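Asks: Below is the structure I would like to discuss, written out as structure tokens.
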Amino acid sequence: MSNENGLIQQYKKIKAQYPDAILLFRLGDFYETFEQDAITASEKLGLYLTKRGFNKNDSLPMAGIPFHALEPHLKKLVDLGYKVAICEQMTEPKPGSLVQREVIRVVTPGTLVEPHLLEPRRNNFIVALWLEEKSAGLAYTDITTGEFRATEFNEQNRAELLNAVRQEIVRINPAELVAPRRNEQRRIRPEMLFQTEADEDDPLLPYRALTTACEKTMLTQFENFRWQEDNARHALLEHFEVASLEGFGCAKMPLVIRASGALVAYLKETQKSIAARLNTLVTYSLKQFMALDPQTRRNLELEESTRTGLKKNSLTAVLDRTHTDMGARLLRRWIGQPLLEVPRIQARLDAVEALYRNATLRDALIDHLKNIRDIERTTQRISQGVAVPKELLSFKASLERVEPLAELLKTAQPEVQSALASIIKRLDPCTDVTGRITEAVIDDPDLLAQFAGRGAVNKAKYVIREGYSEEMDSIKIGVREAKEWVAKLEERERTRTGIPNLKVSYNQVFGYYIEISKSYLSLVPPDYIRKQTIANGERFFTSELKEKESLIVTAQDKIDALETRLYKELLEFTGTFTARLLETASAVAHIDAFVGLAEVAERNNFVRPQINNGSLIKIVAGRHPVVEAANPDSVFVPNDVTLNTEHEQVIIITGPNMAGKSTFMRQVALIVLIAQIGSFVPADSATIGLVDRIFTRVGAQDDISGGQSTFMVEMTETSYILSHSTPRSLILLDEVGRGTSTYDGLAIAHAVVEYIHNNPKCGAKTLFATHYHELIELANVLPRVVNYNVAVTEEGGKVLFLRKLIPGGADRSYGIHVAQLAGLPRSVIHRAEELLAQLEGINENEMKRGRSRKAARQPNGYEESTQMSLFSAPIMQVETENPLLAELRELNIMELSPIEAINKLYELQQKSLKNE
């Protein structure tokens, strides 16, 4: 069999093992793709598509990637939803024999480890999920940091389960979700990986539904037998090399075992050459953290602006003053998981306050932190055997900053030492590691040599330091002496032979030789051995020269092999310190996060909140942290708020558009959330009784793919809030009911407020912004409802928004003034003012007629409003009433866009002309 026939057979045999992946098949300096993979790679990567005939019957499509350009192409394929199997040459090419090849790794979005392909300040999580009817097990990890966590869900029904799981998956925001292969005959095609359309026959339908709210999560199927409890348990025991799972807190949690064990098995199967070193498994309970549904995370703009989709103008952007990637990732986790345990919150606040009060110490810590690279991810790359010398030296330099960092804290003020005591103990400089790296690796290795325990270093420069290995030094000394001997050979042989133009030279074909011209051939000594005849003379060598040549030529191969072995041993030695190194990385990350929050507090004039288990939320002069930071040249108008379950449970907020109602509500929620992550808050003072959940119903849009209108989305979200809130929850409701007719919307808004107020299972503290001014009457009949409005003043017919919340309800919305600010034509504004006056007149007349009849009193018995009201008596329309007036009365100006207003005015005008 020819080598080419054997090659394609080898390819097809390996490809058959990875039918759902693009196989990158190493051929010399290229990763080649064949057949359909080549066509796909050509289309998606812009590669040149050619054909290669391996025999008379086979002419296969072929496209290649240069080995040094793998990373950008790999990233692009993964982002497009393809698995990529990397097949490497495992033996050196030899004439007449086939190179052995193996798939060393299957790359997916959740298993990327290349630093340049990852976002340094964010985790790259992969989730495994096992779903049952009313319960589930979820595990997730970031193989670049070793973080490994798992939890279990138990809910009353399937819908509740999917809601809870979706909420957690959105928080994690994984790059990949691994699910059981529900149908062994149906494999996922790449075009299905990010699909969200419903398909009743799709075995992954519930899993797809769970990922739709994430940025971009790829779905992967994994064999069912891997999820069986016994197999999953065995995978965990084998991975952690333990006899029991008791120490991980999940021994009696079968669903956690299924998900965690399957995830470990998946990583072992795909990361063949990279040991997926996961830290100890941490089992957590969702009850430890504040619940934040996807809508709330989005509406509060925790990680990105809803308007731009960027981190800028998000809460994370305001709070993140960290100087290390590890600290940034930790802070992001804190923001996503506010705490529900007062002692843990107080411990974080103590640390922030200690550093807040010691600016000099903080500055000194920052000087070290900003020079510490990603110890956490580099530790993982070392333990996986893929760290390159450049990373190793950066790693050593970072560890050398740990000891002075620890000394600063150990000699700091007593309150600092007390607040950070547990962290200081974990700051281990690992001098055994730094000392060994210093002994082994030169200070400035060739940065172009991507030497990672496999492959060659640049021939002009070695990585291993002289003096580290006697064997290496012996080889280098031998090479150096041999070269010195050759360098002196020419002069020595000229003297011995009497041949003045004798030359000693070297080329890659013939090696070292002695060249003598024709005129001096008679003087050639008998120990010279003829090598080659040339035009003007002959070339010779001696047995001793041949020995030196052999020593010099073969020495580089020996050095390369020895460097590979020594460097691999260095990585293995460092890897034995993984647990200590990761503890140090965690300690540095915590210090960085606390220093950053202290910096934010000082720069932005934040204060320490008072946290307790009570029901009171009292904020004095609170400010919206993101709005304030985005407008540094403006003075932010602060506002007070008091919420409790005794007297001020529900606050009805009225006032004009653009006055700041929504900003104020989000501000309150953000202050509560910031307090419960253990940070100072933007206020003059704040007392926060623990909040178990924050709900927001602010703004809505059509869910076209789900077949839901804006109003349906609004009602669905409101329903979810009412059924999941507790007396410890905080609810933000903005304009509930505005998506339907005026009366329907007002009735719904009224009923929602009553439900929150009267239902003891709900009883949540609530901020309710509305344009239904009739709702202010609720304060007269519901004892825990109070009214506030956003103050405005009118000057010269113009409205000035004061942004100040004051007691009492507003009686106007100033919608026409807002329309004027938006630039509507003056004629439209004037006409709208005329229509508004007419409508208000009609309303007043009808109120008078209504009062002349027997009022239909509400059970609550409160007074009728002077406005058209849900709470007043029904108004009977007189038979002689102009139908145009009835149409005007039903018209909700606030719901009309400018063009709709113009069209409606035109329609009314045409009707009036017909009636004349």
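Note that Cβ sites are derived from N, Cα and C of the backbone, with glycine treated the same way.
No curator has checked TrEMBL annotations; they are predicted automatically.
In case it's useful when we look at the structure, here is the feature table from TrEMBL:
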BINDING   GLY655, PRO656, ASN657, MET658, ALA659, GLY660, LYS661, SER662  ATP binding site
DOMAIN    729-745  domain 'DNA mismatch repair proteins mutS family'
Asks: State the residues, same chain only, that lie 6 or more residues beyond the ends of the domain 'DNA mismatch repair proteins mutS family' (729-745) and have a CB under 8 A from a CB inside it; answer 'none' if no residue qualifies.
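Replies: Contacts of the domain 'DNA mismatch repair proteins mutS family' (729-745) (Cβ under 8 Å, skipping residues fewer than 6 from its ends): 299, 617, 643, 661-662, 665-666, 668-669, 672, 691-700, 709-711, 714, 718, 721, 752, 756, 762, 764-772, 870, 890, 892, 895.
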Asks: Around the C-beta of MET658 (ATP binding site), how many further C-beta atoms are within 10 angstroms, looking at every protein chain?
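Replies: Taking every protein chain into account, the count is 19.
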Asks: Three states by DSSP: which one describes MET658 (ATP binding site)?
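Replies: In the DSSP reduction, MET658 (ATP binding site) maps to coil.
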Asks: Using CB atoms and a 10 A radius, I'd like the single residue among the binding-site residues GLY655, PRO656, GLY660 with the highest neighbour count.
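Replies: By the 10 Å Cβ neighbour count, GLY655 comes out on top.
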Asks: Beyond the listed site residues GLY655, PRO656, ASN657, MET658, ALA659, GLY660, LYS661, SER662, identify every same-chain residue whose Cβ lies within 8 Å of the center of their Cβ atoms for the ATP site.
Replies: ALA769, VAL790, PHE801
Asks: Per DSSP, what is the residue tally for the domain 'DNA mismatch repair proteins mutS family' (729-745) in helix, strand and coil?
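Replies: Looking at the domain 'DNA mismatch repair proteins mutS family' (729-745) with DSSP, the answer is 4 helix, 5 strand, 8 coil.
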Asks: Is it possible to get the count of other C-beta atoms within 10 angstroms of the C-beta of ASN657 (ATP binding site)?
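Replies: Other Cβ atoms within 10 Å of ASN657 (ATP binding site): 19.
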Asks: What is the average pLDDT across the domain 'DNA mismatch repair proteins mutS family' (729-745)?
Replies: 83
Asks: Far apart in sequence but close in space: which same-chain residues, 6 or more away, have a Cβ under 8 Å from ALA659 (ATP binding site)?
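Replies: Within the chain, ALA659 (ATP binding site) has Cβ neighbours under 8 Å at VAL790, VAL792, PHE801, ARG803.
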Asks: Using the structure shown, find which entry in LYS661, SER662 (the binding-site residues) has the sparsest Cβ neighbourhood within 10 Å.
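Replies: SER662, out of the binding-site residues LYS661, SER662, has the fewest neighbouring Cβ atoms within 10 Å.
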